[in-house]
């Protein structure tokens with residue numbers, strides 16, 4: 001009765017938690033447009049067959065690593081068997097009359113399933129403790145103050161998130177290991193428990209001390225590893241005990257030798273059988289075993305184990321295509337964010353991982369970005385520096401799709417990155433291209449800078465700072481006439497390449513970095529190849545754009561900081 005009450009409470013907590021999580025996720029899976037508030041949700045396409053295959057057979061994980069897939073699949077299979085056959089044994093025995101948990105085939109299957117779950121959980125635990133850690137950057141050329149790998153912003157935030165996630169995963173794995181370990185010990189203690197033997201004899205037979213009980217007890221001592229205090233089985237009672245065992249016990253209790261894990265454990269603790277029987281250690285382990293199960297059940301919606309539910313949902317999302325991207329790019333699918341297990345495979349294949357090694361901005365790495373996006377979607381823009389670094393990292397992404405192709409959870413990461421752009425723009429953190437043209441020239445050039453400067457950028461002197469690199473320009477306009485950007489949109493290009501060089505000669509470098517010519521340059525090198533003076537025009541434009549990126553991020557950081565202070 002007590003167990004049924006506790007089970008009901010755990011089920012109510014778990015179901016209420018699932019309803020809350022689903023409603024919460026549905027509310028956070030929003031659609032929005034650039035520069036506007038969040039709009040009504042857009043429906044995403046479904047890929048039911050792909051979702052079913054990935055859920056049942058882990059097809060995405062199979063592509064990532066065969067050994068990891070094998071361990072994962074065996075854990076799922078073992079846990080599924082234990083849940084359906086062992087935990088619900090009353091239902092199983094009602095459906096199949098020949099099922100008895102104490103007979104040989106099912107003892108063996110229960111032990112092998114528990115061994116697979118335990119071994120797999122240990123592998124998961126070792127991997128989590130030695131999970132993917134990006135290499136430390138070789139060059140610390142941070143574009144924003146505090147963006148180094150050990151500094152504040154998204155890197156420091158990622159350290160806190162990693163600690164939290166590692167703790168959550170550790171608790172989840174330890175609970176599963178505790179469930180499996182207590183199950184093996186419970187079966188071992190019941191094998192040697194004399195009080196448990198007496199309870200079964202009292203419930204299923206009419207034997208007593210004068211009516212064959214001693215003979216049956218002696219047979220169980222010799223054949224079933226029973227530990228009985230101050231009792232020595234007599235050889236003449238062995239056959240009688242075997243007959244009584246066949247009459248009263250064999251239908252539901254075979255010899256426990258098929259339990260290849262529990263039986264050696266029982267032999268190992270047999271010397272402590274009398275103290276264990278005195279304190280009814282088997283009953284203590286029974287409540288410990290089922291207590292851990294009830295804790296796992298109640299915490300399922302609130303722990304990292306929720307990915308067991310989130311991954312099937314995320315796997316059914318149809319992958320975005322170039323044709324559907326324009327319609328779905330503003331859709332934030334929060335289930336995809338919740339399905340992430342932070343395994344780090346996506347970052348291992350990321351095409352722009354070298355950018356992280358140079359800048360130290362962890363916001364470049366996909367597994368970091370998805371956690372930061374989830375935090376931002378849940379709590380809003382709380383850390384301006386983290387938002388600017390995340391935006392910078394997401395803008396570095398080439399949308400090649402390699403991260404989504406390898407994701408074991410089946411998350412369409414390209415859609416997530418596109419949605420993140422819209423999310424951050426709606427929260428006041430646009431890309432640098434938008435920022436430069438939304439900023440007044442006075443503020444951009446520093447004549448009307450905010451009083452709270454976000455920090456000076458450490459930039460090495462380049463071509464734009466060396467007069468000899470552009471002083472020979474004769475303003476012949478050959479570069480401008482050859483420029484495809486000028487030819488395509490002469491009205492939208494305020495300055496040609498030769499005019500940018502002239503600004504540098506006039507000492508107006510800051511103004512040059514805000515020129516559309518600098519930001520729209522295609523780097524075709526036509527101007528540089530045709531320059532009669534041999535000026536490295538394209539290289540200078542690229543350098544000016546890089547310095548403009550720094551300035552745009554400074555202005556964004558100052559703006560977001562002031563917005564946060566005003567709230």
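A Cβ is built for glycine as well, from the same backbone N, Cα and C atoms used for every other residue.
Please treat TrEMBL annotations as automatic predictions, because they have not gone through curation.
Note that the coordinates shown come from a computational prediction; the quantities given were computed from them, not determined experimentally.
The stretch that TrEMBL tags with transmembrane segment, taken from the ranges 89-107, 108-126, 127-145, is 108-126. Residue ranges 227-245, 246-264, 265-283, 284-302 are listed, and TrEMBL annotates 284-302 among them as transmembrane segment. When the ranges 1-24, 25-48, 169-192 are checked against TrEMBL, the one recorded as transmembrane segment is 169-192. Of the given residue ranges 69-88, 149-168, TrEMBL assigns the label transmembrane segment to 69-88. Mean pLDDT, taken over the domain '4Fe-4S ferredoxin-type' (463-493), works out to 88 on the 0 to 100 scale. Residues 499, 501-502, 504-505, 509, 512, 516-517, 520-522, 524, 526-528, 530-537, 539-540, 543-544, 547 of the same chain, all 6+ positions outside the domain '4Fe-4S ferredoxin-type' (463-493), place their C-beta atoms under 8 angstroms from a C-beta of that stretch.
Beyond the ends of the transmembrane segment (108-126), by six or more residues, the same chain brings 71-72, 74-75, 77-79, 81-82, 85-86, 101, 170, 173-174, 176-177, 180-181, 183-184, 258-262 to within a C-beta distance below 8 angstroms of the stretch. Beyond the domain '4Fe-4S ferredoxin-type' (386-419), the same-chain residues lying 6 or more positions past its ends with a Cβ under 8 Å from any Cβ of the stretch are 50-51, 54, 58, 60-61, 63-64, 143-144, 147, 153-155, 157, 307, 310-311, 314-315, 317, 319-320, 325, 328-333, 336-337, 339-341, 343, 345-347, 349-352, 355-356, 361-366, 368-370, 372-373, 376, 427, 429-432, 549, 553, 556-557, 560.
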